[in-house]
Amino acid sequence: MFCLDLREDRTMQEASSMYKRLPSRDRDGRTMLDVENNNSAHLQNDMEQGATRPPWTYSFPHVLVATISSFLFGYHLGVINEPLETISLDLGFSGNTLAEGLVVSTCLGGAFVGSLLSGWIADEIGRRRALQVSALPMIVGASLSATTVSLEGMLLGRLLVGTGIGLGPPVAALYVTEVSPSFVRGTYGSLIQIATCLGIMGSLFVGIPTKGIVGWWRMCFWFSLIPAVALAFAMEFCAESPHWLYKLGKSVEAEAEFEKLLGPSHVKPAISELSKSDRGDELETVKFSELFYGRHFKVVFIGSSLFALQQLSGINAVFYFSSTVFRSTGIPSNLGNTLVGVANLSGSIIAMILMDKLGRKVLLMWSFSGMAVAMILQATTGSFLGSGSGASYLSFGGMLLFVLTFAAGAGPVPGLLLSEIFPSRIRAKAMAFCMSVHWWVALCKSKVIPLLKLGPQLLYLTFSTFCLMAIVFVKRNVVETKGKSLQEIEITLLPQE
């Protein structure tokens, strides 16, 4: 009862502040008195249903379909690892390290382009259609990669696939955030990371027969068409984001989609929530330049910094040096990759369980702390890998600890958190910019790290420093969004003009 009273007080305070911010006439031409009376009725209805929550079973199927794009993201990131040597032999560039590097990095370059376009596409045609569009270059690119007989064809296929995996994940994060009830939004957001893990593990599993079966690497690409076609087809039957529809002034359509996602009895409270921040004076198209000055700068800075720190924490370097650690311990690469995959999946499940209990900020801080400890452990034990002691096993344990703690926080939280803290008006384009920062840092890191020739120990210490910097950044800049509606978060973070 005490919690319900606090909730009612907070709701009435927000309604009061909203009343002061509203213009004298809203987008439908109603007077202030009409708006006040209408909102009072909605708020009263919301408070009467405060003790109940919308069934999660309504929105879950829609979220599940959207996460197929994350499965494809993980699959295409991992599909090239095992077959790369065989591909280079078949296509005639074996021993050409530049060509092999291009096969990997071209996908990252395509992802950078796709992520930049994702905001514009999601705002123009909607979240649902954007996810369908993201499947098309993955279908075409994978088909081209599977049938090519030249390096040029492989590079073009990887570029197209990269465009698709750059477009899909930010739109999926937007979609999941906007269709999820607030009390399970963190759990649903964690499904994106779990789908990515399953995609990576799936690509490793599919790649096992590559060295034993001639031409099997082509099948690895053909298999990816199944989830890509499923995504394009199944999204046709999913709900569109009510937030996107309401922002366009399509309130009737938004109500219909809310009914699919929340149930009939929760439609009016949901529309009432939207009216707190999505106002008629914000219907004009947002420009990219608006992300870098004024009232939006702070949240965009937080978002892009989180994605940069996520990459600079060293997750790719762990996989880069994994084969060295496997050899030092005598662990077969297939078994080692399986254990790393299990650690990745286990961390993602932990995040799913704790996201809506402990909150985003706590998970981020503990995650970066665990990653820093793991990196220091790897740097310390790495000096003794050839000594015949148990240091090599400690190094392998440090690798598993790093992957586990990354997947439990630093992996899934930034994508979810950013789609929560960005105001509705800039959400798609801000996510696009921050994801492009993610891909740009990943691309630069893949090119710079081999040139530095720092060695594992010094590199691990460098990444542990970035993890410690991330802890300080999160503590000072990140706000907790657990259990809050998107409108409550926007009112809290965004200064009013």
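Glycine is treated like the rest: Cβ placed from N, Cα and C.
As stated in TrEMBL, the feature transmembrane segment covers range 98-118 out of the listed 98-118, 119-139. Transmembrane segment is the annotation TrEMBL gives to one range among 299-323, 424-448, and that range is 299-323.
Per-residue pLDDT, averaged across the domain 'Major facilitator superfamily (MFS) profile' (62-482), gives 86.
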